[in-house]
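Visitor: Have a look at this one.
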Amino acid sequence: MKERLMELKHEALEKVTHATDVKGLQDVRVQYLGKKGPITEVLRGMGKLSAEERPVIGQLANEVREEIANAIEQKQANLEAAALEKQLEDETIDVTLPGRPVQQGGRHLLTNIIEEIEDLFIGMGFEVAEGPEVETDYYNFEALNLPKGHPARDMQDSFYITEELLMRTHTSPVQARSMEKHEGKGPVKVICPGKVYRRDTDDATHSHQFTQIEGLLVDEHVRMSDLKGVLNAFAKQMFGEEREIRLRPSFFPFTEPSVEMDISCKMCGGEGCSVCKGTGWIEILGAGMVHPNVLEMAGYDSNKYTGFAFGMGPERIAMLKYGIDDIRHFYTNDVRFLNQFHKA
Ligand SMILES: [Zn+2]
């Protein structure tokens, strides 16, 4: 009987070890520990045993039952833990999955050009000054030697808000405001970037809204040669050391004398080509010595103070620098165009 019990124990434990799921384990339980199982059967046959043997076999049978039951319980816990682990593994979210790319914006080409120009003049000691885009007739025209009825006003037709208020046609009013702030005492060294507005019909070279950067220097003993030196330094840094500049006489109401500045054509090196229309030169900006009337109106003694001013269009600079053929590209927000000029 003792051997029979040990045999049953061995068999049952073997089956427990090899059980692969909870159901198989239940089968082992029913088979060995159930009411009709072999161990129960052994216990039933105990009546045939002697009084000495009975408690020994009884104890052994209980021990075997317990051992098998423990083994089943242990195995069941293991199987359940393994099942849970497998489930967790199956349901794991793979956090290494690549994310959806985020469309990264960038700065507009004009912003970059304006900042490049600003940096260049800041390097020469200028300060950046800004002013309102809705401007009074006084600052936009009168303070710049363009009294009411002046024929040169026709070149700068604007959008009027009232008789006396308009969208500024140039950034020159910022110069007038900057001078006024100094109350007749120099020096003034500012560059004024910003948006300006004119009643133009949009085409490849005109836009009703565009940008300007103007510069102004007022001090004692400022000469035309100072203007030329500053513009020459600007042209070489912006377009390359090999570029030459030339000044041509021109007219602006707020400067006297006035000039247009050209730079030598990069495409042909001055020989003449289609880009420079055969002249070897490309017009870049307008400039001149500040008109005495403008100085006086801003409170400066024009016998003591002189100054120069210049103005350019960042669009034109960008078009020349990058070979852009239509000013409207800057404003129509076509990302195929804009993406080409994104800086990291
Ligand atoms: Zn050329």
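Quick reminder: no glycine exception, Cβ is built from N, Cα and C everywhere.
Heads up, TrEMBL stuff is auto-annotated, nobody curated it.
Got these off TrEMBL a minute ago, pasting:
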COILED    61-94  coiled coil
DOMAIN    106-320  domain 'Aminoacyl-transfer RNA synthetases class-II family profile'
BINDING   Glu256  Mg(2+) binding site
Visitor: What mean pLDDT score does the domain 'Aminoacyl-transfer RNA synthetases class-II family profile' (106-320) have in the model?
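Guide: A mean pLDDT of 92 is what the model gives the domain 'Aminoacyl-transfer RNA synthetases class-II family profile' (106-320).
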Visitor: Six or more residues out from either end of the coiled coil (61-94), which same-chain residues have a Cβ under 8 Å from its Cβ atoms?
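Guide: Non-local partners: 5-6, 8-9, 12-13, 16-17, 19-22, 25, 28-29, 32-33, 39, 42-43.
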Visitor: Translate the DSSP assignment of Glu256 (Mg(2+) binding site) into the three-state scheme.
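Guide: Glu256 (Mg(2+) binding site) sits in a strand per DSSP.
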Visitor: What residues, ordered by sequence, lie under 8 A Cβ-to-Cβ from Glu256 (Mg(2+) binding site) and sit at least six positions away in the same chain?
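Guide: Correct list: Gly288, Met289, His291, Pro292.
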